[in-house]
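Written out below as structure tokens is the structure these notes cover.
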Amino acid sequence: MKISVVAAGKLKDTALVALCADYLRRVQPFVTVEMLEVRDLAAIRAHWTRHEGARVLLDERGEQLATRELAQWIDRWRRDARDVALYIGDADGFTVTDRTQADRLLAVSRLTLPHRLVRLILLEQLYRAGSLLAGHPYHHG
């Protein structure tokens, strides 16, 4: 099982790039995660059509999960040996058509967040959920 985080646009802030790279490195012992930066929503849709696993859009209208619930999603995907793509759109977000074609919608917060911060939050939560599944002490809650 592999999780692909597919994000529209390239991060330019070196501090955010470093933080995302750190969590991407840290999550690997627990869950195989790759980060793909694509040009725009059209490139996300092109990836979408080629991807054979679960397709989850990050969207403010999505389901809000506690970390333990995200860990349960990951555990289920792992048991099903199902690859997953988590799509982060651009500042305008996804269309109604995109949302209806997704397998699931996930919101990282009730707040509206800049898409570049969503990458960092998502990677940290993937690390936290993976460490929770592995019994690692990172998650204290």
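Glycine residues also receive a Cβ, built from the backbone N, Cα and C atoms like all the rest.
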Of Gly89, Gly135, residue recorded by TrEMBL at the S-adenosyl-L-methionine site of Leu58, Val108, Ser109, Arg110, Leu111, Thr112, Leu113: Gly89
Same chain, 6+ residues apart, C-beta under 8 Å of the C-beta of Leu58 (S-adenosyl-L-methionine binding site), given in sequence order: Leu86, Tyr87, Ile88, Gly89, Leu105, Leu106, Ala107, Val108, Val118, Leu122
For Arg110 (S-adenosyl-L-methionine binding site), the number of other Cβ atoms found within 10 Å of its own Cβ: 8
